[in-house]
Amino acid sequence: MISERDSETTLEEDSQPNDEVVPYSDDETEDELDSRQPGAEPGPHPASRDTEDSRDPGKKDCSWQVKANDQHFYEQPSFKRTIFLCFKKSKYAGNAIKTCKYNPITFLPLNLFEQFKRAANFYFLVLLILQSIPQISTLSWFTTLVPLLLVLGVTAVKDLVDDIARYRMDKEINNRTCDVIKDGRFKATKWKDIKVGDIIRLKKNAFVPADILLLSSSEPNSLCYVETAELDGETNLKFKMALEVTHRYLQEESALADFDGLVECEEPNNRLDKFTGTLSWRNSKYPLDADKILLRGCKMRNTDFCHGMVIFAGADTKIMKNSGRTRFKRTKIDSLMNYMVYTIIVVLILLSAGLAIGHTYWEQQLGNSSWYLYDAEDSSPAYRGFLNFWGYIIVLNTMVPISLYMIRFGQSYFINWDLQMYYAEKDTAAKARTTTLNEQLGQIQYIFSDKTGTLTQNIMTFKKCCINGQRYGKLCKQVDFSWNMYADGKFLFYDHYLIEQIKSGKEPEIHKFFFLLAICHTVMADTSDGQLHYQAASPDEGALVTAARNFGYVFLSRTQNTITISEMGIERTYDVLAILDFNSDRKRMSVIVRESSGSIKLYCKGADTVIYQRLHPRSLKREATEEALDVFANETLRTLCLCYRDISQDEFEVWNKKFMEASLATSHREEALDKVYEEIEKNLILLGATAIEDKLQDGVPETISKLSKADIKIWVLTGDKKETAENIGFSCELLTQDTTICYGEDIRQNEILLEKKKKKKKLKLKFPRTAEEKKKQTEKRRRAEAYKEQQQQNFVDLASECRAVICCRVTPKQKAMVVEMVKKYKKAITLAIGDGANDVNMIKTAHIGVGISGQEGMQAVMSSDYSFGQFRYLQRLLLVHGRWSYIRMCKFLRYFFYKNFAFTLAHIWYSFFNGFSAQTAYEDWFITVYNVLYSSLPVLLVGLFDQDVSDKLSLRFPRLYVLGQRDLLFNYKKFFISLLHGTVTSLIIFFIPYGAYLQSMGQDGEAPADYQSFAVTTASSLIFVVNFQASKLGFLSSGALRVSPGTAPNALRQPYHWLTIILSTAICLLPVVAQNRRKYLQEEQQWKRRQSAFRRGVSARRSAYAFSHQRGYADLISSGRGIRKRRAPLDAVLAAGDTGPGHTGHTGHTGDTGDTS
């Protein structure tokens, strides 16, 4: 079973987690997966085939051909694909993107199709068709058409408004411009007009419009710095480098216009960190990899301009491949409503059948002998009963609710207008981008959150340090750095004693400490407008080098083998002999430098867990530094140890020889280098430790605490490595001191997130398999799929038992897979929140998608259902607006069912007195406007404005939220209670007027017991009952009786009529009032005020320092090619109006412990 699992569901090289390389999706074809199975497919020369594949692994996938500056090249028949019958289209996508659902032609059919997927709407469409048949219809067609058109029209307008907003966003992006070579010159061109093969020019701070091959740039050796926040959420810069041949020959406009290179590469896929291809130009071929590709969504930084060739455009780009398709989302209540409508339809059919049978019996017994009922048609009783069956289907149609979806529009505007969710710093208001999911906000059970930019600001700040056992960084008066000409004005530090020690020069360890920070890194320096700027591979390194700069040890510049530093105003240049770069296995980096005196020293920084293992046995201040590390960890700061050692010339020469051999190794180079690094990084002398704060957004810990108390489980899905994610988990109090942590590698769930993208198999000549071999292969696949599904379910079951889950090193597609697994196996309502393009797939997959308008563009917001400026607003969105919307919708639905049952069932009681003839108990005009006019206002007021508690109490008591999670306010039980309540009401409002009018006389001496007067009395009683049942504002709707047509004005002048209405209303309402009063008294006696229990504490866990996701710039530097607020607690939650927008009470942990994966 193990070998079968490995061959089908995972790759050998991915069987162990690797923190260094982000495992972006493994897009193998099924053929590739088959080829990895032991003895999967016999062939004549399997060994030679394997040898060929290993020699050129990307060869068989390089079927995508792109030729520069030649659009006629793509018109070849081989590049066309059939879309319908004989109609063909180019396989190369245009660069325009589309996230809107409709266009002017498809809006009406698609929108109507979506609306008629609701069972109620489809039912009324069928009903309208039936009403057009005169033989069976006892009601006018307009009684159904008017309400149906009203609901369809309002919903269509709402959908159109939503889609227009998406269209405008698409239009803004598609109409951005960049320079494209046309007719031999660069011309400004809209993004939507860019085509595959075009040569484009991008300028500084511009977004990359498509996936392009970097040809040249303004930097030395055509280096190009890009920010990939839209792709992976990281705001630190990455660098790309063009081929040397294109850098040399493709700098001028004329050369670019004449460029005719041919790129053969892999088909479009969603692997962000992988690219395989070759460039054929001037009779030579050059290999291409991901380091030479700029992906759509990247942003040009610190590069004046660059030139590139479009490889993938529009929907074929990797970011769009990771975005997933736009999904039509439907709430849980919508799904439940469909089943309830099916139930109602079944009940309706049974009732109609029973009444039709009654009419058949009545016709046989009485109808034939009643000469005054003869209609000149000699139809049999059975046929008349059949027609009456359809007649009753029409008469009883109001049992099925239709106008359920109109109040959501108003609820969405309340979210948009909420000033407490307005982020003034960026002028960003909360936005409900959909109007169909509001009540689902009150039922969330799982939240899936991105980390970078969502929980954190992605801003690293140097806070404290420990040097030679002495801790620095105590809060006091802010330090003035005006004495330092290179000081960064944004840097803040609050310990004057450290500055005094630096200026005195009496402590050599302090000098070495900051000298190490200034020299041991892979940061690149850039001077522009007289200002010194740093470009770091990770925010952590940037923070450390910036701290050293402010304390007087300024990194100025570097070359291939030197580095220049200003030490307290004195510039010195040092020879860099080697850079021992960071990776996640080593968890450290080192540099070996030669000082002016000729001595050689190694400076090293890294995680305390690896540094302490390599310290000299007699290294001083170990215990004091370890104590400082614990103190820093308690404050959830990211820690790092600094150390050094002296190296003799002879030792270095011997080691350098091994180092050069490992650097030139053609296989297993990284392993060889790590082994060589280990030989020199030993017997280190400890200098001290740094403490860095990764700033959280305001209110994140309080928000997570409140959401956890609301029984919402929070999972963090991030592309960061484990140490970084765990650190943030403690900082935002997702993890606590009492939390027991279970790591994924310990519970053998590594292969859960394996991605297999199934592609169409290419036509290949294969030896035919025997029937037995095919059967074995099919069985093997079935077992592998079953095993994989079981593993996924085990993963979800285990993770769901945890109080919190953090998934590290996950790709955009894997984020969506995690959400999909929870939806599939837990049947839970999910919410995904993120701020970057890497979160789009997750946002689209979850039931509710929330986008944060952050620093990473608008892709997440464009694809979201709701958006706002800060993570902390999520608690108000769910605990206030979500909870209110759920309660309002549930009350609205229960009341809607009740009033419709009370209205409709009167027809059934009337049938016993009219020979089951499908005659209505009310007049046609009343049936038409009952839901639209007479009973609409109170239910709309309930659906829009009802509040059981205020917003402050909703936030103060998060446990109130569990009502929605457990479906306590609307379910089948509540449905049948509404049915029973409506049945009793219909009996009262029918039989009391019937008994009152049975033998009576009006004031004018005439009997008021005619059909019309009886119908008006019954209808009036119904209006008063259902409106007063909903609210005290019922008289507003009942006032409409004054404009009632027909005999109503005459009936309303009779006091007997009003006495009957009062009696019917009183009998209906008194039991309800008495029941509510009894329930209130019981709750008042049971209620006890509880004191809030705060548990304060901080994690005592050692915090691990986190480097970049990737390797640093060591290779680039060595090659020489790239040289050139914590919120105040809320003291009184119920104080009137003293709290500012967005402020909530600080809440400590509940003390619950649990396993956290």
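Cβ from N, Cα, C; glycine included.
The feature compositional bias 'Basic and acidic residues' is assigned by TrEMBL to 47-62. Sequence annotations record features per position, and here TrEMBL assigns transmembrane segment to 142-161, 339-362, 389-407, 892-913, 925-945, 975-996, 1056-1074. Taken from TrEMBL, the feature domain 'P-type ATPase A' covers 174-236. Taken from TrEMBL, the feature active site, 4-aspartylphosphate intermediate applies to ASP450. The feature ATP binding site is assigned by TrEMBL to ASP450, LYS451, THR452, GLU541, PHE582, LYS605, ARG638, THR718, GLY719, ASP720, ARG809, LYS815, ASN838, ASP839. The Mg(2+) binding site feature in TrEMBL is assigned to ASP450, THR452, ASP835, ASP839.
Distant neighbours of the transmembrane segment (1056-1074): 984-985, 988-989, 992-993, 996-997, 1000, 1002-1003, 1008, 1013, 1016-1017, 1020-1021, 1024-1025, 1028-1029; these residues of the same chain sit at least 6 beyond its ends, with a Cβ under 8 Å from one of its Cβ atoms. All protein chains included, ASP839 (Mg(2+) binding site) registers 34 other Cβ atoms within 10 Å of its own Cβ.
The transmembrane segment (142-161) shares more Cβ pairs under 8 Å with 925-945 than with any other stretch in the list 339-362, 892-913, 925-945, 975-996. Through the fold, the transmembrane segment (975-996) approaches residues 340, 343, 894-895, 897-906, 908-910, 913, 921, 1014, 1017-1018, 1021-1022, 1025-1026, 1056, 1059-1060, 1063-1064, 1067-1068 of its own chain, all at least 6 residues removed from its boundaries and within a Cβ separation under 8 Å. The shortest Cα-Cα distance between ASP835 (Mg(2+) binding site) and any of the recorded positions ASP450, PHE582, ARG638, GLY719 is the one to ASP450. If you look at the transmembrane segment (339-362), the same-chain residues 6 or more away from its ends with a CB under 8 A from one of its CBs are 119-120, 123, 381-382, 384-386, 388-390, 392-393, 396-397, 399-401, 908, 911, 915-918, 972, 975. Here the transmembrane segment (892-913) has long-range neighbours at 333, 337, 351, 355, 358, 392, 395-396, 398-401, 403-404, 407, 919-922, 930-931, 935, 939, 942-943, 969-970, 974-975, 977-979, 981-983, 985-987, 989-991, 994, 1018, 1022, 1025-1026, 1029-1030, meaning same-chain residues at least 6 beyond its ends whose C-beta is under 8 angstroms from one of its own.
Proximity note: of the listed recorded positions (ASP450, THR452, PHE582, ARG638, ARG809), ASP450 have a CA within 10 Å of the CA of ASP839 (Mg(2+) binding site), given in sequence order. Across the structure, ASN838 (ATP binding site) and ASP450 (active site, 4-aspartylphosphate intermediate) place their CA atoms 9 angstrom apart. When DSSP labels each residue, the domain 'P-type ATPase A' (174-236) comes out as 11 helix, 30 strand, 22 coil, counted as helix, strand and coil in that order. For the residue listed as 'active site, 4-aspartylphosphate intermediate', the count of additional Cβ atoms within 10 Å of its Cβ stands at 30 [all protein chains shown]. The Cβ neighbour count for THR452 (ATP binding site), using a 10 Å radius and every protein chain shown, is 30. Mean per-residue pLDDT, taken over the domain 'P-type ATPase A' (174-236), amounts to 86. In the shown protein chains, 23 other C-beta atoms lie within 10 A of the C-beta of ARG809 (ATP binding site). Of the recorded residues, PHE582 (ATP binding site) and ASP450 (active site, 4-aspartylphosphate intermediate) place their C-alpha atoms 25 Å from one another. Among the binding-site residues PHE582, ASP835, the residue whose Cβ has the fewest other Cβ atoms within 10 Å is PHE582. The 10 Å shell around the Cβ of ASN838 (ATP binding site) contains 34 further Cβ atoms across the protein chains shown. Around the Cβ of ARG638 (ATP binding site), 25 further Cβ atoms fall within 10 Å across all displayed protein chains. The number of other Cβ atoms within 10 Å of the Cβ belonging to GLY719 (ATP binding site), over all protein chains shown, comes to 28. Separation of the C-alpha atoms of the residue listed as 'active site, 4-aspartylphosphate intermediate' and GLY719 (ATP binding site): 9 Å, rounded to the nearest whole number.
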